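Q: One structure, pasted below without further comment.
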């Protein structure tokens with residue numbers, strides 16, 4: 001379990017000004033449980049004097065005074081369901097895990113934030129995409145809180161939440177975004193009130209590929225398959241040629257994984273390579289594919305800044321490869337560690353706060369979960 005408690009500062013000219021009737025401070029509680037992690041985050045929004053004047057005059061302003069006090073994560077505890085080595089997490093078992101921990105996490109988050117339920121402005125919850133059982137378990141908890149505490153509720157797109165958390169945490173104003181996780185692989189850029197998908201996987205997500213590869217090698221799921229692959233890859237010395245599949249702006253990982261199952265394991269059993277060599281080769285191949293399509297999106301959009309979000313975004317080797325490409329283009333990379341890359345309640349609270357501040361209103365029926373919820377299906381009300 002990890003928790004936040006650290007300030008996340010605002011972005012000059014890039015964050016929404018809040019509704020005047022919600023001044024001067026609000027607290028947003030977010031619940032995330034789309035996959036094997038369940039988390040509850042509490043974000044405080046504090047309006048500074050300069051921004052208050054701008055609200056009164058209905059104008060935007062440059063954030064001033066104590067910038068670190070604009071958006072603050074007061075609490076962000078989470079729990080991870082970890083299945084035995086060689087196994088994945090099933091929806092039913094994961095949902096049961098979330099149901100066991102959600103109440104305790106809510107209580108812990110309130111205690112860490114040092115606030116009461118009366119101070120919460122609204123409840124934010126993941127609507128999708130994700131696994132049906134876990135999503136529904138957390139949605140039920142959010143609906144109960146909304147009715148019990150008489151608070152408004154905001155359904156949040158999981159992918160958009162990752163992007164917004166990344167923008168706030170890294171101060172990336174308008175980057176090209178590489179979103180890489182267990183269930184999603186997308187290259188994204190903002191245009192006309194939507195996060196447009198420029199490229200994506202045409203079969204399985206990069207995180208899914210890493211998880212299934214880890215099961216082939218019987219690697220531990222603690223703390224995560226991807227992390228254990230990353231550590232083992234550091235010991236790799238031999239590159240094993242693997243299929244490199246980029247189709248325009250899209251990538252494919254299923255064939256690569258099938259090749260490893262047939263050819264890679266044979267080489268491993270014949271002592272032609274080590275497990276570390278396979279881990280090293282897998283990372284180098286799939287990350288090169290991701291860097292290629294990201295660079296193409298940067299060229300198309302005329303952008304020089306890349307933001308990496310999602311659980312796989314924690315990988316240091318991916319960050320290194322992306323940085324090398326960006327620097328060659330005269331740009332930079334904005335990356336985060338596990339606190340904000342990995343699924344967490346704080347990111348749901350953050351995205352929900354933005355929507356709520358711009359007047360978005362939802363009924364309980366709007367919080368119905370959907371396993372397929374496209375990033376570009378959300379109107380981003382809070383960005384110009």
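Glycine too: its Cβ is placed from the backbone N, Cα and C atoms.
TrEMBL does not curate its annotations; it predicts them automatically.
This is the feature table in TrEMBL:
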DOMAIN    77-349  domain 'Gcp-like'
BINDING   158, 162, 179, 343  divalent metal cation binding site
BINDING   179, 180, 181, 182, 183, 211, 226, 230, 315  substrate binding site
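Tell me about the surroundings of these features in the structure.
A: Counting every protein chain shown, the number of other Cβ atoms lying within 10 Å of the Cβ of residue 343 (divalent metal cation binding site) is 25.
A 10 Å cutoff on Cβ-Cβ distances gives residue 315 (substrate binding site) a total of 24 other Cβ atoms nearby, all chains included.
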Q: Distance between residue 162 (divalent metal cation binding site) and residue 183 (substrate binding site) at the Cα atoms, whole Å?
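A: The separation of the Cα atoms works out to 13 Å.
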Q: Write down the Cα-Cα distance for residue 181 (substrate binding site) and residue 158 (divalent metal cation binding site), rounded and given in Å.
A: 11
Q: How many neighbouring Cβ atoms, not counting its own, are there within 10 Å of the Cβ of residue 226 (substrate binding site)?
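A: Total other Cβ atoms inside 10 Å, all chains included: 27.
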Q: Please report the Cα separation of residue 183 (substrate binding site) and residue 343 (divalent metal cation binding site) in Å, rounded to an integer.
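A: It is 12 Å, counting Cα to Cα.
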Q: Note the mean pLDDT of the domain 'Gcp-like' (77-349), expressed as a whole number.
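A: Per the prediction, mean pLDDT sits at 96 for the domain 'Gcp-like' (77-349).
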